[in-house]
Amino acid sequence: MEKEKKGAKHELDLSSILQFVAPGTPLRAGMENVLRANTGGLIVVGYNDKVKEVVDGGFHINTAFSPAHLYELAKMDGAIILSDSGQKILYANTQLMPDATISSSETGMRHRTAERVAKQTGCLVIAISERRNVITLYQENMKYTLKDIGFILTKANQAIQTLEKYKTILDKTINALNALEFEELVTFSDVLSVMHRYEMVLRIKNEINMYIKELGTEGHLIKLQVIELITDMEEEAALFIKDYVKEKIKDPFVLLKELQDMSSYDLLDDSIVYKLLGYPASTNLDDYVLPRGYRLLNKIPRLPMPIVENVVEAFGVLPRIIEASAEELDEVEGIGEVRAQKIKKGLKRLQEKHYLDRQL
């Protein structure tokens, strides 16, 4: 398995490529036409200096791309060269002559050529097989075979069901955490538990987003379901991190990204997660820890984040914010008498709500 950082870059590249060839795009329509006609085809997206080195013969077209043009030109034996954007057909019926010493795991001539050209030029190369009836994408060392839309929809719907289950578990864990925060009983074990729940939900979301990109226009309903299920999930996870990271950080999303880049194996290692949050690996799971209060303060309606920052800066931790009088809150920069009362009442309502939720 590749190292995580390299894997993250690969996923980013694949994500953009899948959007480029997704259903609903002119390129995908043309590719599907070629596939149905059983003619096969080889398409290179981009025409840089490295591509020029491997292209021989053919004829210059330089015309606007259309699915019909691609279909007709694919009837010829040679490869088709598109512009970087895919909006123009530059050359047709060209012969590709990549370096034969470049390794290839493919057996068929078309796919072997496609893989070598992709490695040599760094461009996206698309091989359409008339025998296997599949479309394969190559770029550098990446290879991806496009899947049937029905198959992807099935996988996406299964992932949505899994997401719903994990979201339910996360909600229960968060409700328990809310009550513990008001009671000053949060332990490092609780923090790790919530971190794991957030991360699992976000990983499933990222997997579904890949399906959505590959589905193109067919993935609209799946996208709506994800939005309905986990709106602002990253923002809430980032506030949770700001609450419990040892040293204050300006951008919790950087740390959240590091968490998402971790392998599943590392994520299960408590000491690695501790280190990410700035705590020593020897930290006792049963030790108590106080939240700063970002996440709960953010739940108070119409309380801007700069004001939340000022409150946390003034009092340090959530218990001190809860204990503060309206007069003490009023002294914080940006908070007047009305807003001070609003914070007091907002925290009280949250405390009562979470107490009732826990009783249920």
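Our numbering is plain: 1 for the first residue shown, then up by one each step along the chain.
In case you wondered, yes, glycine gets a Cβ from its N, Cα and C as well.
Taken from Swiss-Prot as is:
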- 11-149: domain 'DAC' (DOMAIN)
- Gly78, Leu96, Met109, Arg110, His111, Arg112, Thr113: ATP binding site (BINDING)
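Annotated features taken from Swiss-Prot, shown on the structure.
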{"residue": "Gly78", "record": "ATP binding site", "Cβ contacts under 8 Å, 6 or more apart": "Leu42, Gly57, Gly58, Ala92, Asn93, Thr94, Gln95"}
{"residue": "Leu96", "record": "ATP binding site", "Cβ contacts under 8 Å, 6 or more apart": "Leu42, Val44, Val54, Val55, Asp56, Ala79, Thr113, Val117"}
{"residue": "Met109", "record": "ATP binding site", "Cβ contacts under 8 Å, 6 or more apart": "none"}
{"residue": "Arg110", "record": "ATP binding site", "Cβ contacts under 8 Å, 6 or more apart": "Gly40, Leu42, Ala127, Ser129"}
{"residue": "His111", "record": "ATP binding site", "Cβ contacts under 8 Å, 6 or more apart": "Ala127, Ser129, Thr136"}
{"residue": "Arg112", "record": "ATP binding site", "Cβ contacts under 8 Å, 6 or more apart": "Ser104, Glu106"}
For the ATP site as recorded (Gly78, Leu96, Met109, Arg110, His111, Arg112, Thr113), determine the largest distance between any two Cα atoms, in Å, rounded to the nearest integer.
-> 15
Enter the number of other CB atoms within 10 angstroms of the CB of Thr113 (ATP binding site).
-> 23
Around the recorded ATP site, report the further residues of that chain (criterion: Cβ within 8 Å of the mean position of the Cβ atoms of Gly78, Leu96, Met109, Arg110, His111, Arg112, Thr113; site residues excluded), sequence-ordered.
-> Leu42, Ala79, Gly108, Ala114, Val117, Ala127
For the domain 'DAC' (11-149), residues assigned helix / strand / coil by DSSP | 49 helix, 42 strand, 48 coil
Across the whole of the domain 'DAC' (11-149), what does the mean pLDDT come to? Round it, please.
-> 93
